[in-house]
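Some features that TrEMBL has for this protein:
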- 1077-1097: compositional bias 'Basic and acidic residues' (COMPBIAS)
- 1119-1128: compositional bias 'Basic and acidic residues' (COMPBIAS)
- 1166-1182: compositional bias 'Polar residues' (COMPBIAS)
- 46-134: domain 'Ig-like' (DOMAIN)
- 141-235: domain 'Ig-like' (DOMAIN)
- 248-337: domain 'Ig-like' (DOMAIN)
- 342-429: domain 'Ig-like' (DOMAIN)
- 435-522: domain 'Ig-like' (DOMAIN)
- 526-613: domain 'Ig-like' (DOMAIN)
- 715-812: domain 'Fibronectin type-III' (DOMAIN)
- 817-919: domain 'Fibronectin type-III' (DOMAIN)
- 923-1019: domain 'Fibronectin type-III' (DOMAIN)
- 1077-1182: region 'Disordered' (REGION)
- 1-29: signal peptide (SIGNAL)
- 1047-1068: transmembrane segment (TRANSMEM)
Amino acid sequence: MQLKIMPRKKRLSAGRVPLILFLCQMISALEVPLDPKLLEDLVQPPTITQQSPKDYIIDPRENIVIQCEAKGKPPPSFSWTRNGTHFDIDKDPLVTMKPGSGTLVINIMSEGKAETYEGVYQCTARNERGAAISNNIVVRPSRSPLWTKEKLEPITLRNGQSLVLPCRPPIGLPPPIIFWMDNSFQRLPQSERVSQGLNGDLYFSNVLPEDTREDYICYARFNHTQTIQQKQPISVKVISAKSSRERPPTFLTPEGNASNKEELRGNVLSLECIAEGLPTPIIHWIKEDGTLPVNRMSYKNFKKTLQITHVSEADSGNYQCIAKNALGAIHHTISVTVKAAPYWIMAPQNLVLSPGEDGTLICRANGNPKPRISWLTNGVPVEISPEDPSRKIDGDTIIFSNVQERSSAVYQCNASNEYGYLLANAFINVLAEPPRILTPTNTLYQVIANRPALLDCAFFGSPLPTIEWFKGTKGSALREDIYILHENGTLEIPVAQKDSTGTYTCVARNKLGMAKNEVHLEIKDPTRIIKQPEYAVVQRGSTVSFECKVKHDHTLTLTVTWLKDNGELPDDDRFTIEKDHLVIADVTDDDSGTYTCVANTTLDNVSASAVLSVVAPTPTPAPVYDVPNPPFDLELTNQLDKSVQLSWTPGDDNNSPITKFIIEYEDTMHGAGVWHHHTEVPGTQTTAQLKLSPFFHSLQKTKAYTCVAALLLEPDKNPTAVEGLGTEPDNLVITWKPLNGFESNGPGLQYKVSWRQKDGDDEWTSVVVANVSKYIVSGTPTFVPYLIKVQALNDVGFAPEPAVVMGHSGEDLPMVAPGNVHVSVVNSTLAEVHWDPVPLKSIRGHLQGYRIYYWKTQSSSKRNRRHIEKKILTFQGSKTHGMLPGLEPFSHYTLNVRVVNGKGEGPASADSVFNTPEGVPSAPKSLKIVNPTLDSLTLEWDPPSHPNGILTEYTLKYQPINSTHELGPLVDLKIPANKTRWTLKNLNFSTRYKFYFYAQTSAGSGSQITEEAVTTVDEVSSLMWPTTIGTGRAMASRQVDIATQGWFIGLMCAVALLILILLIVCFIRRNKGGKYPVKEKEDARADPEIQPMKEDDGTFGEYSDAEDHKPLKKGSRTPSDRTVKKEDSDDSLVDYGEGVNGQFNEDGSFIGQYSGKKEKEPAEGNESSEAPSPVNAMNSFV
């Protein structure tokens, strides 16, 4: 079949060479190619390419240059307006325009003043296809005015007081940078106690004697003119006090408890709080309704300033600074509002159409407040521009239908609000052009085998051409599972093989014609290092050789270079390169390092390295003698295949009997200088039969005499654990477990490493290495199976033929993304994903599986987008479908699929978008009862934190609970979804109610939250019990009204009865002592007035005896402890019988007889003036 490309209008893929930029850019809003050789007859409206900034502050000491550059075909002409009217540059000799440009140069160096040319400038670039305009460029000269002269009085204050030194710099353009220094131009030290505010003032939280100085100087640096202005020095004298009174913090700036701050989106938000106090306060910052953005915030000025970069509307809210010291803390709340000048959501893009086609220009911007969109045509408001029947304006969109060449024009979109504006030019260019292929014909592409090949076909045409690719002169069909076609016309072969060589034809067609072009592809063999340099350890003064044998494609030129430690080789005659070898003679210590062989061709390069270690000759250790003397005359006899007899003559025992002989051995080949225990024999024995391994050396430990026994055989086994795995896409790392010293069976242990491709016809490639357990084969094709074997050998011969194992060269990242990805939504929390497998050759490694990345891009019930971390699911093996669990209902999701091998992930598939349906909501976040009355309760709630859809209504169920906890009838009430407050009326007073509350969506009812509350009785105020949220539902904890419980009422009655019995018993006991006449008692007193208790308030009033007939007088209250002071009265009813419980007749006389006077008991003074009652007990308990 033929493989066609139908380029999309809004997305392009990048190519390899610059001409690919010429691809189908017509509809995609990119620039039309203006190659003079290929497209010299193509016309294009003007486009502004460079202009001065909107707010252009100039240096009044230099010439004024106002930039305006544009391109178009034919080249545009330029004109300017100033302050809204035409600016005739020919009438001003100081103003010139650069040739071929619209840039103005105003020569004020020779004469003239910059202030003369202040104003608003706008450039227009025009040709026969339309006119483009620049921004309004406001030109203003910078200003650095002098400080106004002022007389500054010296400041004198006491130690510990706060101080603010004002700066108040002159107003400049742009505003100056403020800093404080002394007369020596040294910056004044700042700290948590002393710091400079954002306004430039210097703040002292408290002053110290060392703050005394006469040269506090504020400097203003105007960067634009590179000038510095200086304020008059301020003198400060701090008087030492014996002790400074500490005080809690107060704010120096800002003032009050709250303030407001407004900032524009994208700017840096700076919030400042500076406090005074003693000790020095520490500042902390919090955001009341959220968390601070850690990745965008920083503290300045010793945490007195909070800065947030790139602010957005989400940063609006209340920020609180807290100043704290040992005596207290205060806070200030700054309410931040983030406004926004207009910013682009979708700027209009250039549009190239052919006659009769349709198209649209879209101009969408956002801001706070919402910007107003207006359109201009060729710099003129569209309302007063010439009519165009093919044009229809619909708000932020212009719709074109059936366009003709006269429809060509440049349109300007202006989006503005009170904080700024955006202006964008976008042209519509109506062209009728047959296809043209811009890639040079017969281009030759050379690619290394098993690597990607990209064949370019840059094209142009109007209408947009379609692209087809053919292979060979007979037009062989291209299969989609092997080739990838990009929108820019490029043909990609993910894994180029030898059979990919050939001629490829690109054909571009539209309704006006056809064009084709041939390119050629050649596949080359990769460069490989088949014999790598090996690790070497040599002695000083010797010669070392590194070998590097390279195999490459014979049609490519090969260069081999050697590096030392990734740099050039030393310029020394001792270093010579002989074909495949690097030879270093008379080695020195400086020659140690890493030597790298680099093989380069015009298409690829490979390298291999080895380390050279230089050591000194090993000295021969001197013999060591000990007591007893060592044996001598060591002799080996009766030598068999694997045993020998050792005999010796004992040495002098030095008057101490020899108890045993210890026989040790040294493996001189594999562990020289290391002695190993072999056996022990009694001290009376002078012979021993020794079992030997091949190449075994036995000698007595004293080393006075050495007797060697050697069995030299070829190895009888090969290395184990042989593996072949690549660590890079172009290598094969062969590893094995080496033989130990005894297994070598003789000197000169080496390994013969052999490999060849499993599916190829190549012969075995072999290399012999020593003292290593791995070998790296470089320059291999990516992920190709290899047959590997490792054979041991020594100076005697080879081990048996080794087993052959299979390995793979290194993996590389997969090259192709899974295709045909589609999603089936199972329910609100589950979706199933299907995809097509990728070609096996494109995996370039062991297939591990497929990995799905998915994330929620936006909740369907919310308009604001917020970043959510991507989730990952991996499906093992060759599965082509999988389930995505745990999705959030009623949400927009995006996913892509990638194939995974041992190296990593391949490219992602195109994003697939799906929506989950509505689900049942979670429980409302909270439910509380406020403002209870006798017959009503008001409920307030917060909506569910996870609505999982569009809420349709709330359901409220409630029922009364009687004193025995029985539930009454259930009332069911529906509440609109937009309510968060509801009042229930006509309820029973002093009744407990239980509430069940939940939300509903179209999918059903969500989890419920419960609550209990009581309607009030008399003055009892709100009763509310907190809600405890459990797993998935709300559980209300009850607080029992104890006054209504039966057991409590019974207990109070029993207490009252007990008190009554005690009072009766006490009264009887006090009356047993005889009667006591009132008259005698009164006469005996110096003060005839005593204080009985008043019935209304429990206090004592004055009375006289019956003979005086004095009226009752109101007396003073008793002290709070219910005792009567002795100096006030020597007698009182407190001293008698029942005291305050006595009663009076109508004439004021006391009923009953008093008992004899007793000494007051301490406990009697604390007796209550009124008997306890159940009601009082209940109120005090609650």
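The backbone N, Cα and C atoms fix where each Cβ goes, glycine too.
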Considering only the recorded stretches 141-235, 435-522, 715-812, 923-1019, state which has the highest number of Cβ pairs under 8 Å to the domain 'Ig-like' (342-429).
-> 435-522
The domain 'Ig-like' (46-134) and the domain 'Ig-like' (435-522): do they have three or more Cβ pairs under 8 Å, with pairs 6 or more apart in sequence?
-> no
Over the span of the domain 'Fibronectin type-III' (923-1019), count residues by DSSP class, listing helix, strand and coil in order.
-> 0 helix, 53 strand, 44 coil
Here the mean pLDDT of the domain 'Ig-like' (435-522) is 87
